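Visitor: Here it is: the structure, laid out below.
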Amino acid sequence: MIDLFIIKVGGNVIDNPELLQTFLEKFAAIPGKKILIHGGGKIATRIGDKLGIESKYVDGRRITDADTIDVVTMVYGGLVNKQLVAKLQANGCNAIGLTGADANIIPAVKRPVKEIDYGFVGDIRTEILHTGPLKALLDTGITPVFAPLTHDGNGQILNTNADTIASSLAIALSQHYSVRLIYCFEKKGVLRDPADDESVINLINKEIYQQLLEEKILTDGILPKLQNAFGAIDNGVKEVLIGHADDVLSNTTPKVAGTLIC
Ligand SMILES: Nc1ncnc2c1ncn2[C@@H]1O[C@H](COP(=O)(O)OP(=O)(O)O)[C@@H](O)[C@H]1O
Ligand SMILES: CC(=O)N[C@@H](CCC(=O)OP(=O)(O)O)C(=O)O
């Protein structure tokens with residue numbers, strides 16, 4: 001099977017011009033087929049604040065009311081996505097910006113209200129994710145760049161966590177490619193001591209994951225990232241890595257830096 005790199009870059013990198021520039025240069029230099037999924041939560045929060053629309057999160061998911069879905073559609077689907085595409089073009093990477101609504105690639109359902117009403121947050125309908133248009137783009141040498149937006153098929157855009165979009169695409173595309181999923185952020189990997197950037201845990205399997213949870217070493221955004229990583233491994237994705245954005249290029253080679261999930 002042909003190799004495919006599915007790479008997610010988070011909001012802390014996108015929000016840092018130097019980190020972002022280095023990341024995009026390295027991403028553009030990756031040979032072969034690749035897909036980028038971007039976050040941008042921090043930028044959406046900042047622009048929401050300017051517009052007087054306050055951000056609220058529960059379990060790492062943004063409560064997305066009617067005003068907020070407009071903000072995130074503009075910020076993720078417009079500002080961030082198009083800036084990344086333009087910068088990738090400047091680095092010689094022929095990128096195309098997409099949301100999950102484009103070519104009906106990522107259908108979703110509005111999260112049902114249980115204890116919490118998340119508003120316009122979408123849960124991906126993994127069983128009907130459409131990989132055909134992505135394969136066609138990849139086969140013509142074009143690099144898809146996804147904003148963290150999906151749609152419900154009835155005209156409603158939905159907000160979906162970028163880590164989850166990355167793992168769902170990786171699972172679906174594993175039927176056609178040998179997929180390495182790489183989560184890039186501003187740390188060198190999953191850390192044993194979150195205050196010590198050098199304390200990278202090189203390998204996490206389910207047993208070690210359980211121990212780390214019991215030791216309460218994992219908090220905040222690293223928790224959903226690891227849940228998505230194990231979800232991918234359990235569903236056919238060959239390799240999942242969590243590492244620094246600066247290491248993205250070397251992490252597409254056998255010489256990996258960061259945390260390998262297995
Ligand atoms: N043990 C840990 N190792 C690494 N990061 C951790 C750990 N525990 C908590 N974190 C936090 O998780 C964050 C990553 O999650 P998140 O902010 O959602 O990233 P992104 O927006 O890049 O997807 C890190 O910035 C860090 O503050
Ligand atoms: C539903 C939900 O929470 N969506 C996320 C999408 C952006 C994202 O995932 O951005 P990072 O990767 O930068 O965190 C949000 O609006 O914050």
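Keep in mind that glycine also has a Cβ here, set from the backbone N, Cα and C atoms.
These figures come from a predicted structure and were not determined experimentally.
Reproduced below are the annotations present in TrEMBL:
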BINDING   G40, G41, R62, N159  substrate binding site
DOMAIN    4-243  domain 'Aspartate/glutamate/uridylate kinase'
SITE      K8  site 'Transition state stabilizer'
SITE      K225  site 'Transition state stabilizer'
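Explain the structural surroundings of these features, please.
Guide: Other Cβ atoms within 10 Å of the Cβ of G41 (substrate binding site) number 24 in total over all chains.
Every protein chain considered, the tally of other Cβ atoms within 10 Å of the Cβ of K8 (site 'Transition state stabilizer') stands at 27.
Around the Cβ of K225 (site 'Transition state stabilizer'), the number of neighbouring Cβ atoms within 10 Å comes to 25. The DSSP secondary structure for K225 (site 'Transition state stabilizer') is helix.
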Visitor: Where G41 (substrate binding site) and K225 (site 'Transition state stabilizer') are concerned, what is their Cα separation in Å, rounded?
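Guide: Answer for this pair: 14 Å between alpha carbons.
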Visitor: Among K8, R62, K225, which recorded positions lie by ligand 2, judged by Cβ under 6 Å to any atom?
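Guide: So the answer is R62.
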Visitor: Please identify, among the binding-site residues G40, R62, N159, the one with the smallest Cα-Cα distance to K8 (site 'Transition state stabilizer').
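Guide: So, of the listed binding-site residues, the one sitting closest to K8 (site 'Transition state stabilizer') is G40.
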Visitor: Identify, in sequence order, the residues in the chain of N159 (substrate binding site) that are 6 or more apart from it along the sequence and have a CB within less than 8 Å of its CB; answer 'none' if there are none.
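Guide: Residues satisfying the criterion: R62, T64, T68, I69, V72, Y76, F120, V121, G122, P148, L149.
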